[in-house]
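These notes are about the structure you will find just below.
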Amino acid sequence: MNAATPAGSAPAARIPRHVAIVMDGNGRWAERRHRPRSFGHRAGQKAVREAVEFCLRQRIEALTLFAFSSENWQRPQDEVGALMELFLKALDKETDELHGHGVRVRFVGELGAFAEPLRQRMQAAMAKTAANAALALNVCVNYGGRWDIAQAARRAAEAVARGELAAEAIDEHTLAPYLCLADLPPPDLLIRTGGEHRISNFLLWQIAYAELHFTDTLWPDVDQACLQRALDDYARRQRRYGKTGAQVAQAS
Ligand code: IPE
Ligand code: IPE
Ligand code: MG
């Protein structure tokens, strides 16, 4: 934690309600140490804990982490296997602690693709923590932004077929409830670690007006100070939503 900016010191409106993170750079972190990529994924777990702790301290409402994309299945089989094993172990190890901190955990994505033991643990963690309210932690696994939009469109089409929704009524407002995370405010701040400047099919719809923060820090090296720098950067932004800077300044 940066001692110059203790938790809660920034004005409330300057603290994002919802932070989303593309946790990137585990593989390079390990390769620099001449270790297998799975070593980097394991090291990344500590940064997940740091991020959760940081959000709890800052009273951020929601944290959404990109842990495994729809495209990550294309990686070498041993790496995918190591990631699945890590998820399984992490669920066994971390769920009670998260529950103890009042964190509501949700896994977001096409969960049907995972092996039964992993799916069961995900469901159990979600059920156990469902009533918690200190922080909404969303872990995106087998998630893709295009998949999300497609599943929303499919579910809306099903509602049309059942006669519950008129096709002419479909617009961005009526489609929104079918997208993942619809019950949360959209991400205010999207952080990508690891130096790449791209979205990689993360939340496409939901980040329409998110502020983007990129850092070269590799995910396993992310700590509270790094996250605080992202928040400080966010606090300096003027969010205009299509209006002029003068209009926004006047309204605030
Ligand atoms: C992110 O780190 C974790 C996952 C995608 C699962 P990477 O594994 O992509 O790390 P780099 O980008 O290869 O360094
Ligand atoms: C995005 O990282 C996915 C996750 C962090 C889970 P990738 O490493 O898969 O993204 P690309 O391949 O560099 O675009
Ligand atoms: Mg990567």
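Numbers here mean position along the shown chain, with the first residue as 1.
The backbone N, Cα and C atoms fix where each Cβ goes, and this holds for glycine too.
Keep in mind that TrEMBL annotations are predicted by a computer and have not been checked by a curator.
According to TrEMBL:
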{"type": "ACT_SITE", "residues": "ASP24", "note": "active site"}
{"type": "BINDING", "residues": "ASP24, GLU211", "note": "Mg(2+) binding site"}
{"type": "BINDING", "residues": "25-29, ARG37, HIS41, 69-71, TRP73, ARG75, ARG192, 198-200", "note": "substrate binding site"}
{"type": "ACT_SITE", "residues": "ASN72", "note": "active site, proton acceptor"}
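Locations of recorded TrEMBL features on the structure.
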{"residue": "ASP24", "record": "active site", "contacts (Cβ under 8 Å, 6+ apart)": "ARG192, THR193, GLY194, GLY195, GLU196, SER200, LEU218, TRP219"}
{"residue": "GLY25", "record": "substrate binding site", "contacts (Cβ under 8 Å, 6+ apart)": "GLY40, THR193, GLY194, GLY195, THR217, LEU218, TRP219, PRO220, ASP221"}
{"residue": "GLY27", "record": "substrate binding site", "contacts (Cβ under 8 Å, 6+ apart)": "ARG37, GLY40, HIS41"}
{"residue": "TRP29", "record": "substrate binding site", "contacts (Cβ under 8 Å, 6+ apart)": "GLY40, ALA43, GLY44, LEU218, TRP219, PRO220, ASP221"}
{"residue": "SER70", "record": "substrate binding site", "contacts (Cβ under 8 Å, 6+ apart)": "GLY109, GLU110, ASN142, TYR143, GLY144, ARG146, TRP147, ASN201"}
{"residue": "ASN72", "record": "active site, proton acceptor", "contacts (Cβ under 8 Å, 6+ apart)": "VAL80, LEU83"}
{"residue": "TRP73", "record": "substrate binding site", "contacts (Cβ under 8 Å, 6+ apart)": "VAL80, ALA113, ASN142"}
{"residue": "ILE199", "record": "substrate binding site", "contacts (Cβ under 8 Å, 6+ apart)": "VAL22, GLY145, ARG192, ILE207"}
{"residue": "GLU211", "record": "Mg(2+) binding site", "contacts (Cβ under 8 Å, 6+ apart)": "PRO16, ASP188, LEU189, LEU190, ASP233, TYR234, ARG237, ARG239"}
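The recorded positions near ligand 3, defined by a Cβ under 6 Å from one of its atoms, do not include any of TRP29, HIS41, SER70, ASN72, ILE199, GLU211. With a CB cut-off of under 6 A applied against ligand 1, none of the binding-site residues SER70, TRP73, ARG192, ILE199, GLU211 are retained. The Cβ neighbour count for HIS41 (substrate binding site), using a 10 Å radius and every protein chain shown, is 24. Every protein chain considered, the tally of other Cβ atoms within 10 Å of the Cβ of ARG192 (substrate binding site) stands at 23. Ligand 2 lies under 6 Å from the Cβ of ASP24, out of the recorded positions ASP24, TRP29, SER70.
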